[in-house]
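Chemist: Just passing along the structure, written as structure tokens.
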């Protein structure tokens, strides 16, 4: 991208915007559906009452869900998850493309940087911007998705679907309840999404430039190699941001009067939090530091392929749609 005095970063036309949004939505839907059972188990592990353990590990947890709820239980909440992640992914990938171009343009306006290219730090910043925008735009969907995922057949209150859950929370707990856990989500999304994009693209660039073991052929990487880059990106991002995801999920359950038994426990009062700091303090105090990583194993098993599939699906979808710009450009 050329830089010039007074020049503006290029603006995409409507068709390019639509192609980017569709590709991002496809990437989100495909990647999340592929790992839906692990996504549900992760949330159940994050929020379950420590005095009434039902899910104890990845294999045991998946077996318990299959035994008690069957095949449908493995994918409970996935419709809501896709309804949230498809627009979230679409906005995230598109926002990243625009933010990376804008940040690079601003950087190139500085004397001596006219020919500069995107660096890992600039990509981290662009990814953080994209994550915040996408998270904020679709957060109420994430909030009710967490509750739909947690409820079981034995839950006192049954949300019937996305819109019923949204309207019920809005009516009974107020509009602010739809953004419970938003702050730790935003704080967590900065390193998570930022590192995902930065690690993925920087690793790809390095492999293309250095061509170790003959991996890159004609400046292109195979699908397998790109999946490996996505897996590395997912591993780094989720490890850094995971404690904030646990706190976000727990805060989303606050105010749920008829909470599922997995949250409330058997005859036990479920934990209440006054804010993010209080949630951190109580979680560590009553359950130990390790509680901040509850569900990390199924999340790791889920995130690594999920991020990898999302990046590769996005690039393949843009190839099929004939979109000119790729996220690495």
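Using the three backbone atoms N, Cα and C, a Cβ is placed for every residue, glycine included.
Got these off TrEMBL a minute ago, pasting:
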| type | residues | note |
| --- | --- | --- |
| REPEAT | 15-102 | repeat 'Solcar' |
| REPEAT | 118-206 | repeat 'Solcar' |
| REPEAT | 221-320 | repeat 'Solcar' |
Chemist: May I have the DSSP-based helix, strand and coil counts for the residues of the repeat 'Solcar' (118-206)?
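Modeler: Tallied per class, the repeat 'Solcar' (118-206) gives 73 helix, 0 strand, 16 coil.
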Chemist: Taking every residue in the repeat 'Solcar' (118-206), what is their average pLDDT?
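Modeler: Looking only at the repeat 'Solcar' (118-206), pLDDT averages out to 87.
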